[in-house]
Each structure stands twice: as C-alpha cells, then as structure tokens.
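Some notes on the structure that comes next.
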Amino acid sequence: MSRKYFGTDGIRGRVGEYPITPDFMLKLGWAAGMAFRKQGHCRVLVGKDTRISGYMFESALEAGLSAAGADVMLLGPMPTPAIAYLTRTFHAEAGIVISASHNPHDDNGIKFFSGQGTKLPDEVELMIEELLDQPMTVIESGKLGKVSRINDAAGRYIEFCKSSVPSSTSFEGLKLVVDCAHGATYKVAPSVFRELGADVTVLHAQPDGLNINEGCGSTHIESLQAAVLVGHADLGIAFDGDGDRVLMVDHTGAIVDGDELLFIIARDLQEHGKLQGGVVGTLMSNLGLELALKDLDIPFVRAKVGDRYVMAELLEREWLVGGENSGHVVCCNHTTTGDAIIAALQVLMALKRRGETLAQARQALRKCPQVLINVRFGASKVDPLEHPAVKEASAKVTDALAGRGRVLLRKSGTEPLVRVMVEGEDESQVRAHAEALAKLVSEVCV
C-alpha cells in the first residue's frame, strides 16, 4: 500500500507548508495516539531538536495525543537516538521526534519510534495514515491524556553513552574538537567526552532556533577541519542537527566518512571476537569498504539507502554493525538506531586499543573514487529514472566501467532530488560519466 504522508524517514518538509503545519501536527498527534492506544491506555515520549518551530509542533502534538487519551512525557531538545533509548527504558508505547535532521531551520519533520526504540513498523504507519483521513474526535474528559516533563533526560542519556565504553577505558590525554551543529547534541556530547577524560574544545553549541546546521556540523565540516589544525587536536567529531549522523576529521584535517568509521568499528569488534556476522552497508557505500572487509573475511551486504533499511537488514541477519557513508552508524550491541555519540565512542575505543591515530586507522580502507551529483527535479511529471534515454545512458556507463565500478541513480526519500552516483578506479573518468548522466537527468526533468 502506498504512503500518503510518510517517507523513508517519517514526515518532513518546509515549515508552514502542508503537511508541516500546526493543524496537521494536531491531527497527527491524535491519529498517532489513537493508533498507539488500540490496546488501552498508553504513554508517548516526545523530543525535538533545537529548531524554533519545534516548540510550536511540540504543543500541537501534545494536544492531539492528549485528545486521544495518550499520556505525554516531554523530553525537550535531545538527540534522536536518545529519544529512542528513553522510549525503551521508560517502557513507553512510542516515541516521537520533532526534527528535520541535517536540513536547515526552516524545514522540520516528525519521525516515530516503537516501544522497543526501533523505527515504527510499516503497518503502524499505515494505520496512522488511515486515521489521519478520519474526523478527529476527543475522548471523554476523564480519560484525556496527562502531560509531564522528564527533567533528568539528558543525564540519563549521558550515563547510557558512557556505559558503552568499558569502565577501565579512559580518554585522558586525547585532544578533541566537537562540532554540535547548534543542534540536539549541544548539551550531552561535550559532557560525555569530558566525563570520559578527553580534553574537549566545543564548536557550534549555542543554538538560537535558527542556526541549526548553518555552516556547521557534519554537512559543513570546513570549520571543524580548521579548528583541528589550529588547535593541534588529535581529531575532530562532527554531528548533524539531531545527533544521528557523525563524521570525523583526522589530525591532518582529512575528512573520515561513515564508510571509514564503520570499517574501524567492525575491524575492532572482529579483533576482539565480538563482531557476530558481517556488516550492512547501503547502495551508496563505497566499493573500497566492501573490498577492505573482504580482505578481513568479513561478510558485507548492501541495503537500500536509509538507516531504517540498514536496521531491518541487521535485525533479519542478527548482525551487529551497519551504516551509511553519510555518517549513520548503527551498533546493535548498544543501540536500536543510528547513534552518532555511541558510534564516535566506539571509534575512539578502537583507536585506543590499537594504539593508532585516526589517520593511521583509515589507511586500511582504500576508497574508490566516487562522484555524487544531486539533480533537483521539481514538479516535473516525468520520472527520470524510467526515461528510456536515462536508462540507456546508465547502461552504457556501466558497460564502460567493465565490472570495475558502479552506477546508481535513485530518488531521495526526503527531498525532490535525483542522486546520480558513479564509482570506479579512474577519478576523471568517473566524474565525466557522472556529469554527463546528471546533465541528461536534468534535461528530461524539464
């Protein structure tokens, strides 16, 4: 069954444009509350990132949930994975996150977690969509949901993050620069690393509701690179606005992406006999990751793009580690979703156990040149991925790469974009192919 509202990562869009409006959020809160309380009374946790519209949508969701008879526990600004963790530990029926992740402040969105802290099952999302098309009713006054605030939410999550590192491990002597993107990690991330002994310089941890992800964080890593070099830090850590993505910068200023972080974590687990199976990447994972894992006899499979699909593949195979090159890294031995702080801690622990710098650790993975071009397709009625000319050109590029590279064309699940990716051994050839395909996609979208 097709979805009317939910994309690959919940509901997302521009604030003030349907469905990212207060009236829709009121109805969404009610529909979610009705779906969650099918089995009787229920409790729902609600958290958000730091964008200004989060306060407005928090109030609307709270009212809708209460009207459906669901109790609401407000977390305030918290990383998305923290909301998943707290939903599980509070034995709530569901968790709701108000966030547009790495997008600018004038976007916002909603995503849900099940009571187990995982992405909501498809059937529950479809049930919510069905209820959204029904008239809203209010439960009798004596059964209205109550609202409370969890005042120690940040402290609970900080202790959880620290518990993912053995008590015998200290990061004393490690000099870090941490970029919080003026987002949801701004309070908890610096505390976690400092309490584990690291010397931490913090960037972009003064959210004002409008500056989330603005020229900072994992999508704008230049200022972190500069700070690492100027401060002679051992490495830098960049989070996105809601704290489910992480990228790093080594002491030379080089960017270390999700594929490389995933490799470092998987290798460390294998060396300590804790890997359990293999590694899940995505269609966008660099071919170099697959080859480096193969050298270690670590199985590797590709899921569709999106951390929910990585998680689904991990659960089906009962494996522990997966992720995306964008910086979503899932460590199922600790979390039920991508958690940027947890992933960063696992990398730091791996470096300490091997006695390596980040620059040294990443050398074992030789990335193949990969060019990604985003093409905006607007309101065009033409599906560029099904256009005969695009299909023919894609097939020709695949033939030209002669089994030593890949071509991937896909639509973004969160934005009106077609992502054109070409990967191979020769960077100039790869770039030429990618630019030609992107130009063709742009032309057929007009």
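Cβ coordinates come from backbone N, Cα and C, glycine included.
Classification of Ser101 (active site, phosphoserine intermediate) by DSSP places it in coil, neither helical nor stranded. What Swiss-Prot lists as active site, phosphoserine intermediate is Ser101, and the listing cites sequence analysis.
The feature Mg(2+) binding site is assigned by Swiss-Prot to Ser101, Asp240, Asp242, Asp244. In the shown protein chains, 32 other C-beta atoms lie within 10 A of the C-beta of Asp240 (Mg(2+) binding site). According to DSSP, Asp240 (Mg(2+) binding site) sits in a coil region rather than a helix or strand.
According to Swiss-Prot, the phosphoserine annotation covers Ser101, on the basis of sequence analysis. Around the Cβ of Ser101 (active site, phosphoserine intermediate), the number of neighbouring Cβ atoms within 10 Å comes to 28.
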Asp242 (Mg(2+) binding site) to Ser101 (active site, phosphoserine intermediate) - Cα separation in whole Å:
5
Which residues, same chain and not among Ser101, Asp240, Asp242, Asp244, have a CB within 8 angstroms of the centroid of the CB atoms at the recorded Mg(2+) site?
Asp49, Pro79, Thr80, Ser99, His102, Gly183, Ala184, Phe239, Gly241, Gly243, Arg245, Ala340
Please report the number of other Cβ atoms within 10 Å of the Cβ of Asp242 (Mg(2+) binding site).
34
Which residues does Asp244 (Mg(2+) binding site) neighbour through Cβ under 8 Å, counting only same-chain ones at least six apart?
Pro79, Thr80, Pro81, Ser101, Asp307, His328, Thr337, Gly338, Asp339, Ala340
